[in-house]
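**Q** Here it is: the structure, laid out below.
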Amino acid sequence: MIKIVLNGCCGKMGKVITECASKFNDLQIVAGIDKFPYETSYPIFETPEDLNLDYDVLLDFSRAGALKGLLNLTEKTKKPLVICSTGFSDEDLALIEEKSKTLPLFRSANMSLGINLINSLLRKVTPLLYGNYDIEIIEKHHNQKVDSPSGTAVLLADTIKESINDETKFVYGRSGASKREENEIGIHAIRGGSIVGDHDVIFAGVGEVIELSHKAISREVFAIGALKACEYMGNISIPGLYTMDDVIGITK
C-alpha cells in the first residue's frame with residue numbers, strides 16, 4: 001500500500017482526489033496539509049512543517065506558493081514529491097530542476113491522459129506543418145482560475161517551440177494594428193463560468209485548418225492522473241524530474 005500525504009486536500013481538486021483515491025486498491029491517503037481544514041477520514045496538518053507521520057509519496061495539488069515548503073519537507077524525508085500545481089515562475093521551475101538532481105520529483109502541467117497524448121502528437125506533427133501553417137493556442141477555464149495562460153497552454157507552447165528548428169516567439173493575445181509574423185506562436189486565454197479546461201491547438205494553412213483539441217468534462221480526469229502518478233512515483237527512489245510521459249510510457 002502506497003501512503004499518500006495530500007497538500008491542498010481541502011481545495012476543489014483535493015476533495016476530488018480524496019474521493020477518487022478510494023477506487024485505488026494500492027493507494028491510501030494517510031494525511032492532508034491545508035490551512036483551512038475540514039472534517040475528513042484522515043488527519044490534516046496546517047503546514048508541511050507540522051506533519052509528524054510517515055508516508056511514501058507527497059502529492060501537491062494546490063498553488064505555486066507552497067513549493068518551497070514542500071521541497072523542504074521532501075529534502076528531509078527523501079520521499080517522492082508529485083507536483084500537480086501550476087502558475088510557477090521561471091525561478092520556481094529552475095528550483096524544481098535543481099532539486100531534482102538530488103530528489104525524486106514529478107511535475108506535470110496537466111494530469112490528463114488526453115492532454116499528454118496531444119502533447120506527444122505535437123512533437124511529431126509540428127515539424128511537418130511549421131512554415132506552411134500558422135500556429136495558435138486557445139485555452140478556456142473557469143472564472144476562478146488565477147494563472148494565465150494556463151500551465152497546460154504553456155506546456156503545449158513549449159513543446160511546439162522545442163519541435164521547431166527556428167527562432168519562434170510567443171505572442172500573448174492580440175490587439176492593435178499589426179500583421180502576424182510567420183514565426184509567432186499565439187497563446188490566448190479565456191476565463192468564464194465553470195469551464196473545467198478546454199485547449200485547442202490550431203494549425204491554420206491556406207485552404208484548410210487542422211486542430212488538436214481537448215475538453216475536460218470533469219475534474220476527475222485530473223485526479224485519476226495524479227493518483228496514477230503517485231502509483232508510479234511510489235516505486236521510484238532515484239533522483240530525477242519525472243513527467244506524465246514516464247507514467248504512461250510515452251517515448252520522446
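The backbone N, Cα and C atoms fix where each Cβ goes, glycine too.
As annotated by Swiss-Prot, active site, proton donor/acceptor applies to His141. According to Swiss-Prot, the active site, proton donor annotation covers Lys145, on the basis of sequence analysis. The NAD(+) binding site annotation in Swiss-Prot covers Gly8, Cys9, Cys10, Gly11, Lys12, Met13, Cys84, Ser85, Thr86, Ser108, Ala109, Asn110, Met111. What Swiss-Prot lists as (S)-2,3,4,5-tetrahydrodipicolinate binding site is His142, Gly151, Thr152.
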**Q** Where His141 (active site, proton donor/acceptor) and Gly8 (NAD(+) binding site) are concerned, what is their Cα separation in Å, rounded?
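**A** With distance taken Cα to Cα, Gly8 (NAD(+) binding site) is 20 Å from His141 (active site, proton donor/acceptor).
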**Q** Taking DSSP as the reference, which of helix, strand or coil describes Lys12 (NAD(+) binding site)?
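**A** DSSP assigns Lys12 (NAD(+) binding site) to helix.
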**Q** Compared by Cα position, which of the recorded positions Lys145, Gly151, Thr152 is the closest one to Thr86 (NAD(+) binding site)?
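**A** Result: the closest of the recorded positions to Thr86 (NAD(+) binding site) is Gly151.
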**Q** Given the NAD(+) binding site residues Gly8, Cys9, Cys10, Gly11, Lys12, Met13, Cys84, Ser85, Thr86, Ser108, Ala109, Asn110, Met111 in the record, what is the largest Cα to Cα distance, rounded to whole Å?
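**A** Between the most distant Cα atoms of the NAD(+) site, 21 Å.
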**Q** Measuring Cα to Cα, how many Å separate Gly151 ((S)-2,3,4,5-tetrahydrodipicolinate binding site) from Lys12 (NAD(+) binding site)?
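**A** Pair distance, Cα basis, whole Å: 17 Å.
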**Q** Cβ atoms within 10 Å, counted per site: which of Gly8, Gly151 has the most, among these binding-site residues?
**A** Gly8
**Q** Between Cys10, Cys84, Ala109, Met111, which of the binding-site residues has its C-beta surrounded by the fewest other C-beta atoms within 10 Å?
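**A** So among Cys10, Cys84, Ala109, Met111, the binding-site residues given, the one with the fewest Cβ atoms within 10 Å is Cys10.
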